[in-house]
Amino acid sequence: MNNTRKSHPLIKIVNHSFIDLPTPSNISAWWNFGSLLGVCLGLQILTGLFLAMHYTADTTTAFSSVTHICRDVNYGWLIRYLHANGASMFFIFLYFHIGRGIYYGSYTFMNTWNIGILLLFAVMATAFMGYVLPWGQMSFWGATVITNLLSAIPYIGPTLVEWIWGGFSVDKATLTRFFAFHFILPFIITAMVMIHLLFLHETGSNNPSGMNSDSDKIPFHPYYTIKDVLGVLFMMITLMSLVMFTPDLLGDPDNYTPANPLNTPPHIKPEWYFLFAYAILRSIPNKLGGVLALVSSILILMLFPIMHSSKQRSMSFRPFSQCLMWLLVANLFILTWIGGQPVEYPFIIIGQLASVTYFFTILILMPSMALMENKLLKW
């Protein structure tokens, strides 16, 4: 008898991706974040769809429509805060997922890694445009400051900024197009995720040892489906606790003031998940230099496969490289803290030192340490 699961053209794809997929038997909880990101994306699309039913992308009514969602729509407050805090969860998992890739050498899957970086850019763009939509003070000024950075591009910069704005300042045209892009991008991200998975399933998953695990594979279902469900349970407990008890913990109070082009907030800053990049941007006292450093801080991830100089793939058995990895993590925490501080002494110099350390660790220290470890092992 034909097994539908294995013979049906559509179900067969699902079967090979989530049921009969051969998976290393030793992957740890660090491998849960991929599925958690998938759940987050689904949650964001769903809550976003319901928000879009009540939201109006017009400068005169955008702020009021968000207030209306929270006050008058059935469970509108829940949908809105799930969407806002879901974005924070999304970025936490993204950073964990990337960190796992760096630690265990998953970046040696070049295709999967590079499409992952493109996904990161797409998610960052989506989150930025979503932050503009409530049309609060920080929405307006955040949009003004960040889009204005493009004016640093030589020759075409100023024209490009006005083209993106749809006028001579951030206004109705900007809000309308940001809403359109914010709505369409998650679906493009979903398509990119499928390509990401396609490339991953070409090679199979990495594992903590970094060694070939073909001799020891187990089916994805039921072992890892159960494990993923546990991860989702922990995620939902955390997210619901955040939404129910402190929904505004990660937001900015300035965004509860309607956008006013005549009144600049004392400290313009993006959402917490962009603060590390914002700190790098601000640490260079030159517009173009800052923009280049900002883009480089993310694009540098593309260099990891090229700069991999160790004879071992994973950092599991490389204690010196592990120290550098955690130095990098600590440094990113410092950058995140600095990004939220005013531009004054001592924060300026701390930010500059942390920015230099970030690039120096990735470009010089990590490859050098890997070579030194090779020498220690007489390889």
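The backbone N, Cα and C atoms fix where each Cβ goes, and this holds for glycine too.
Quick caveat, the model's predicted, so the values are computed rather than measured.
Copied from Swiss-Prot, the annotated features are:
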{"type": "BINDING", "residues": "His83, His182", "note": "heme b b562 binding site"}
{"type": "BINDING", "residues": "His97, His196", "note": "heme b b566 binding site"}
{"type": "BINDING", "residues": "His201", "note": "ubiquinone binding site"}
{"type": "TRANSMEM", "residues": "33-53", "note": "transmembrane segment"}
{"type": "TRANSMEM", "residues": "77-98", "note": "transmembrane segment"}
{"type": "TRANSMEM", "residues": "113-133", "note": "transmembrane segment"}
{"type": "TRANSMEM", "residues": "178-198", "note": "transmembrane segment"}
{"type": "TRANSMEM", "residues": "226-246", "note": "transmembrane segment"}
{"type": "TRANSMEM", "residues": "288-308", "note": "transmembrane segment"}
{"type": "TRANSMEM", "residues": "320-340", "note": "transmembrane segment"}
{"type": "TRANSMEM", "residues": "347-367", "note": "transmembrane segment"}
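Here the features listed in Swiss-Prot are placed on the structure.
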| residue | record | DSSP (3 states) |
| --- | --- | --- |
| His83 | heme b b562 binding site | helix |
| His97 | heme b b566 binding site | helix |
| His182 | heme b b562 binding site | helix |
| His196 | heme b b566 binding site | helix |
| His201 | ubiquinone binding site | helix |
So among His97, His196, His201, all listed as binding-site residues, which is physically nearest to His182 (heme b b562 binding site)? Use the C-alpha atoms.
His196
Using a Cβ cut-off of under 8 Å, list the residues of the same chain at least 6 residues beyond the transmembrane segment (178-198) that approach it.
17, 38, 41, 44-45, 48, 52, 55, 57, 112, 115-116, 118-119, 122-123, 125-126, 129-130, 132-133, 143
The residue listed as 'ubiquinone binding site' to His83 (heme b b562 binding site) - Cα separation in whole Å:
30
Count of other CB atoms lying within 10 Å of the CB belonging to His97 (heme b b566 binding site):
20
With pairs restricted to those 6 or more apart in sequence, evaluate whether the transmembrane segment (113-133) and the transmembrane segment (288-308) have 3+ C-beta pairs under 8 Å.
yes
So which of 77-98, 226-246, 288-308, 320-340 has the most C-beta pairs under 8 Å when paired with the transmembrane segment (33-53)?
77-98
In whole Å, note down how far the CA of His83 (heme b b562 binding site) lies from the CA of His196 (heme b b566 binding site).
24
His83 (heme b b562 binding site) CB neighbourhood, other CB atoms within 10 A:
21
Would you kindly list the residues that approach the transmembrane segment (226-246) from elsewhere in its chain, counting only those six or more residues past its ends and only Cβ-Cβ distances under 8 Å?
29, 32-33, 35-36, 39-40, 78, 81-82, 85-86, 88-89, 93
Out of these binding-site residues, His182, His196, His201, which one has the fewest other C-beta atoms within 10 Å of its own C-beta?
His201
Can you grab the distance from His97 (heme b b566 binding site) over to His83 (heme b b562 binding site)? Cα atoms, rounded to a whole Å.
21
